[in-house]
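> Sharing the record's features from TrEMBL:
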type     : residues           : note
DOMAIN   : A:6-135            : domain 'RNase III'
BINDING  : A:48, A:121, A:124 : Mg(2+) binding site
ACT_SITE : A:52               : active site
ACT_SITE : A:124              : active site
DOMAIN   : A:161-230          : domain 'DRBM'
């Protein structure tokens, strides 16, 4: 394994691998294996399979504790925004993993080193290698220096705000007036639910129901977005 | 929490919960919470979110070690056959979890206690509760008594055999002759790949490529199945 990378892991994240073969496996793309069949190398796909599940759990637990009152649906959406190709490929670049993966010549020529799917897999493979080498606590130690602070600072929380999402979607085509109107209050006083309608330029885009007006607005915005995206 | 259930967990799985509130949360359906708002209960959806990720990781790790030579694609398919509604709802029934979940009256009338989606969520919630109460080692201890022996005995391995799957699919409509023919060998001698065509009653259903004839047949069968299912 590249000494520069080992030093990078040590100085930047205080990480030292015991068994370098995990790290080598994680940083070996199938295109490299195919071009060096005589070396009988392992590509990073199996270790990525494991790393993906490790990330899902560690991020899930972190979100579960960070947001004790957020319902499951929102947690799932938030997790999907963190454990996804866009985010993980950015992390791989930010932490300079992209510089150290072994690629085949063809993949290199095709700019594979910048390909988001490849970088996302690489990030998950690294997590898998760390997990196999040192267990889940070391993965948490790494995430506490990298992804968790980003989550804490609200870098992903926008996905939970459907009103903002709807606004951004509609305003792709220029300024547009969005209104939320309370159209009904249902149920007895102690179990009241509000029904809110969302309108763009006076035209209804959908309704939502919730136990507060604010919650009903979010649901209305989400329903409107879902309907617009299905068109 | 129902004493009968606590005894069941202890005698059947040697499990004793320290904090019963996790178990109560796992066995409380949202329909029950909605019908008892004054009790301010938590439903099992958040704990299910966590349990799902715990299952994914524990099953992934088990498969990773059980099948050291199986490629990632097959591991993913195998995991999906285990951590899925059909399987998990059956486990919930087999281990009698279905008898102890608290449902609302409406859900009970609608036969919710037998609904696979509800039972699948319940199984994942139980795993989440066990994880929060005692950590991942207790989850492994439970799975070693339940799901892992099933995996070991090959209860899910059929998903990895596409030739059998294709045969079963085609023979739903009666006996049918399936043939695999080698149609091409490509690449240089040290990197040879085989191309195999699968035919049913002499009609081509698809092709597959692999580094061995057997692998190429599996890919051909998988492609044929995918094409047939898309029709």
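Note that Cβ sites are derived from N, Cα and C of the backbone, with glycine treated the same way.
Quantities reported herein were computed from a predicted structural model and do not represent experimental measurements.
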> Given binding-site residues A:48, A:121, A:124, which are under 8 Å from chain B when comparing Cβ atoms?
A:48
> Quiz question: given the recorded positions A:48, A:52, A:121, A:124, which has the greatest number of C-beta atoms lying within 10 angstroms of its own C-beta?
A:121
> Distance between residue A:124 (Mg(2+) binding site) and residue A:52 (active site) at the Cα atoms, whole Å?
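Pair distance, Cα basis, whole Å: 5 Å.
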> Express the distance between the Cα positions of residue A:121 (Mg(2+) binding site) and residue A:52 (active site) as a whole number of Å.
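That separation, Cα to Cα, works out to 8 Å.
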> Using DSSP, what is the helix/strand/coil residue split across the domain 'RNase III' (A:6-135)?
98 helix, 2 strand, 30 coil
